[in-house]
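Trainee: Following this message is one structure expressed as structure tokens.
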Amino acid sequence: MIKTPIFPLGRRKPRQAVFLTHTGVGEVVNNPGENSQACFCKPRQCRWRSLWLAGSLVRLQTQTTYRGIVDCMVKIYRHESLLGFFKGMSFPIASIAVVNSVLFGVYSNTLLVLTATSHQERRAQPPSYTHIFLAGCTGGFLQAYCLAPFDLIKVRLQNQTEPMAQPGSPQPQYRGPVHCAASIFREEGYRGLFRGAWALMLRDTPTMGIYFITYEGLCRQYTPEGQNPSSATVLVAGGFAGIASWVAATPLDVIKSRMQMDGLRRRVYQGVLDCMVSSVRQEGLGVFFRGVTINSARAFPVNAVTFLSYEYLLRWWG
Ligand SMILES: CN(C)C(=N)NCCC[C@H](N)C(=O)O
């Protein structure tokens, strides 16, 4: 099952052809069994074939195998069972508290510095949208730095298509989050843990500005002047803020995930721009919207609850 060859910009004939594989990118190898990440045998003969057909949002964005979300989900369920949907989740769950504390802490404190008003005073003296945007961008930039290693590990684990805990099934390259982090550190050093971090910062810096502006704008629209927004308003405004930010973030989310799959020995992209141009050349402009529906559907409930918790915590402790 050979996929479209990717020829990085400016290099039409690479010394060794690089292909999009079931795990994102890979090189031609002599013995596919040695490395299940780079297997190029004929589809009907290959015993790993079924494994290529599994995926998740990350896979939808980094692989060309799937026809869409439904196709992707059906294949994950068939080949990896329900467990396939939870791959790479333990690290993101463990990191949510840290990453959100950095985001909301930096946002609130930057707003405090820019406007010299505390959270309580902000309803009476609402900050300007420029200040909200700048504070959001600052929060997004710093949270991206904390998020980078956790996100990299999530992307690498979610791109492994081997069914979990099945005797006799091929061994995945990474046995879990800690093994994944240790392997990246051993093979690529400290900087390896920050692969794709630039794309992540480019994704999160402006979109967090959009996130907080949308939230504040909607709250102001539906709240009488000087009053705190109701819980229903916070839930709806938070949900739509999540959707707006993810719609804006999806193009760079795709690029970020592809850069994160780019390993040290399997370097495909020269940088963020190269990745963008190569992806558009191979797959058209639609590549930037891969996973936008899933991202948005997930964003509403997640961010509704996030903002409700943020508002309540500030009211109790602020
Ligand atoms: C990259 N973008 C758009 C965002 N991170 N947007 C803000 C939502 C953050 C929230 N933790 C979430 O995962 O939805």
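Backbone N, Cα and C define each Cβ position, glycine as well.
Because TrEMBL annotations are produced automatically, they should be read as predictions rather than curated entries.
Annotation comment: TrEMBL describes 17-113, 127-221, 229-316 as repeat 'Solcar'.
A description of the local structural setting of each listed feature is requested, covering burial, neighbours and distances.
Mentor: The average pLDDT for the repeat 'Solcar' (17-113) in the predicted structure is 60.
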Trainee: In the repeat 'Solcar' (229-316), how many residues does DSSP call helix, how many strand, and how many coil?
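Mentor: The breakdown for the repeat 'Solcar' (229-316) reads 73 helix, 0 strand, 15 coil.
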